[in-house]
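Undergrad: Have a look at this one before I ask anything.
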């Protein structure tokens, strides 16, 4: 029996086997609690009378009556006096725009960016003649291009969402309309509709099962979309609807009223009643088919839509869709704000300079008189706005669009990566968003689901021990060990499953010879002691098991000659080595989480009565007979299997006399009829007969991990990425997988919920006993570690303990109590387990996060979808860490949406997680490539791009600042207008874009070989405010060089032809040419990975500059547009002077020389990890090639761990099976020919009460 855990207060701790949906309780659950809570309150002064509220209208559904749901009582107010039905339609909407709203809504979203508003204001300023210093088109053209490109990208993304919504909403389903079933699209289904579903159909809404083609309206469903599990679950219609709602006419006349709970996110619960023909019938979750599931092994079923669209449980579990932004995005916005401040300060300073200059010089110089009677202050005010316009390129208008282009390209590289393509399922990797790529290079915490994400959810019979001898290693039929694996040939068994793999030929030989009686008994037990259902599909036997473990065991018995063929309510028929035999089933003692075993009592054809039992070794060994043999040998085998992380199960039997069985049978029937605590009574009766068992052996099942999971986890751990597993599975199963995938290791100290709760309680008590000054002092310094010492720690905690620890228990109950009793002051002397106030609750959460983050591994099991999201939120909130969630089912959607990055595993488990994810691929192992290669490259590229982009704009813009000292601070520009317009669009954009798209410091193989290369992204060392100010000062230095060297060269100079080309236009040509050479050669110095495209971009940008410049300085274009192109002949005149070319070369050399020296010193004296790897790249690549060849030759040994006390039992993970269906015969017997009356339906009982019937 499972032990009860007692916390520090002596109260029994939460049940580790139960998923705690305390936060998601529905109000009807609290009705019973209210009276209890009122009884707990001590009598005090009379409370003021509470205002009575009108009764709340519950969720009511009328079958075949759409008009009923439009009644005024079911309307809700949405805006002012506008009301709509509270019943959602079944259409799902994930898109943002339609044809009418796209333009206004997209422009509104784009102008929420401060930079775009800034440039719109600039455009307005440039249209004012008195202050404009640049033509309006210098801002309009870049702004239109930026807005247009972003709008096109948003349109493409939204069209993809439209297509996906259209595909889902356009699925066909048969709906009963006008008395007959008609094809209808999912979007048109409404609450109260009767629908018909067929085999392999997806369920379009949350539906009450009415009838099916199976006996007793059984319906098998696959819940992979909900929980990632591929084993089938069964649902059952009410008996009254099964008997009376089979034909179309009967369904059309169905007019029942359903009253049930409000829509909620609880996947484990549904309560309601059905009123029909004057009778009331109870409804429960077993009667419901949930949206997202798939109908299996059921030809036809009929159902009534209860919840549609956004009200369905799968959609309620989806959580809110959050707008995700990268850390670099946030930092970039702050830097743009910083530039705004600098721009205003510089413009204000220059405006003040102009005011004083005009007072002292400008107003007295007759040749500067402009005919305007304006005082110095007003001129200074106009000069301020003029400099805002001139220096506007400090805020780069093309920055955002360039970032979007780079992100789009990086997303395409992820989509095109063949090493993340899964051939078996024809599934490529998919970047579903284009805005989060560089965040992949900064991940600190990964939150992973287990089933279907780390594991394949496929169980395989690997080894066994029979009568003290172990089998499963590669051997010959004589027992000689083999080096090479040679699979067993099953051709001797025509009923064998050809997909079953086994490599021990000795066990097969023993079975075929029929000499080993223990081996025959072993597999006979496996073929008889189970709750598997069987059906024939084209002559092939198909097993439907309550868990994949049980299916694997029955399949193993099938291949070894003991084939389960069929069963009735009280018999089981098997084929024993080709001979068919039928056994009478006297009792079936089903599994539950406390018993951790199941038994079956059989009457053999020769009259013997025998009990077969299988279960966890911890419970089986307590019940073995003193005379049993091979206990020690089996124990050693169990230890060996556990070391290999296989899931073990002990098999035993007991012969029972007829008199003993008769006596026990009477007690069993009495327990079945008990009305009070029937489960406990049955367990006591089961205990009486499950004693003095004789051990036969044990099985070992492998819960197959996905390929490469341990290696991926190990590699990510070397990159200092913490991995937490959040699963709804049971604790022992999750712990076993933790060891299998190397997340847990033997040198770790594992802490469980009780230990964690006690440590946090002690910390909380210390804080309460401390003075307020001490608490404030503690906040300023780091908290003391919970685990002092250098040892490794791991944390395994269940959902129940998580709620206990975080004070998340029974929120609704607390709200209800407040509503009924009114607010009371907080207790002055609270119990340790209750928070005094919200601050104390927050401190408790911080303590838990600190403790968990001290651990190398964290596993949270039996957690609800909401708890998964809450754990992610806590780490984001209190650690300010970048998080990634990865999962495969609908129960992972909330977690995926909450994390900074959401990854969906696409494959057999469904597409719900993928549809909510940011990135998707088919195998967990691709995560290391996504992060360590694509993520790291994206981060490095984006950081280089931003550093360079800010530098080149500072270098370009601040030349105007230096020029202002020589033009009376008059906001005059150095460059010509068209150069200002085209600088960021054509002359300097392509090389930096290609660096942002293609650059890489080391190749992908070395990125995976050296995970430490990932650390700079986590530490944010490549782009921060320090880098920003370095780029600023670099830009200031280069602008200084670019202005003053040509300025000095133009002073008192004479050309070869005797002319002095020291005019402004020639000066503008020289400074512009120097700038173009400098910024394009600077990006060349920053490029780590050279390709032909990079080389072409750098040279091409310079060529484009000269080509356009000579064109717009030509006489021909001046003749056509004399007022726009005014630099006629400036470039040819200036650039034919050799000394001006020398000036350009000197300027470029002086600008680049310091950078070259600094880069040389850094790579020589203070090299980074990347520099070291780059330096020895060839050597590392050769080593990598050799190691790959050796690994291909070497056989990989099985994973081992040395912890014999651990048990990894299948029974820990198993769930109650089909025992009730079998023992009552509801899945087997024929449908009654006569239709029952309404009174028959009153015999309907829940599945738990079935045995008593």
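Cβ coordinates are placed from backbone N, Cα and C, and glycine is handled just like the others.
Curation does not apply to TrEMBL; its annotations are automatic.
Taken from TrEMBL, the feature domain 'P-type ATPase N-terminal' covers 62-140. Marked as transmembrane segment by TrEMBL: 111-128, 134-156, 334-358, 378-403, 945-966, 978-998, 1028-1049, 1139-1162. Marked as domain 'P-type ATPase A' by TrEMBL: 171-234. According to TrEMBL, the feature active site, 4-aspartylphosphate intermediate maps to 449.
I'd like these features described in context: how deep, what's nearby, how far apart.
TA: Residue counts for the domain 'P-type ATPase A' (171-234) under DSSP, split into helix (H, G, I), strand (E, B) and coil, are 10 helix, 33 strand, 21 coil.
Note on residue 449 (active site, 4-aspartylphosphate intermediate): other Cβ atoms within 10 Å of its Cβ, all shown chains, come to 29.
Tertiary proximity for the transmembrane segment (945-966) is limited to same-chain residues at least six positions away from its ends with a CB under 8 Å from its CB atoms, namely 328, 332, 335, 346, 350, 353, 387, 390-391, 393-394, 396, 399, 402-403, 406, 972-975, 983-984, 988, 992-993, 995-996, 1023, 1027-1028, 1030-1032, 1034-1036, 1038-1040, 1042-1044, 1047, 1071, 1075, 1078-1079, 1082-1083, 1086.
If one looks beyond the transmembrane segment (978-998) by at least 6 residues along the same chain, the residues whose Cβ comes under 8 Å of a Cβ in the stretch are 134, 137-138, 141-142, 145, 393, 396-398, 402, 405-406, 409-410, 941-942, 944-945, 948-949, 952-953, 956, 1068, 1072, 1076, 1079-1080, 1083-1084, 1086-1087, 1089, 1091, 1093-1094, 1097-1098, 1100-1101, 1104-1105, 1108-1109, 1112, 1125.
Here the transmembrane segment (1139-1162) has Cβ contacts under 8 Å with residues 1034, 1037-1038, 1041-1042, 1045-1046, 1049, 1053, 1055, 1061, 1066, 1070, 1073-1074, 1077-1078, 1081-1082, 1085, 1171 of the same chain, all six or more residues outside its ends.
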Undergrad: Within the same chain, where does the transmembrane segment (334-358) have neighbours whose Cβ lies under 8 angstroms from its own Cβ atoms, ignoring anything closer than 6 residues to its ends? I mean 6 or more beyond.
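TA: Residues 114-115, 118, 376-377, 379-381, 383-385, 387-388, 391-392, 394-395, 399, 950, 961, 964, 968-971, 1025, 1028.
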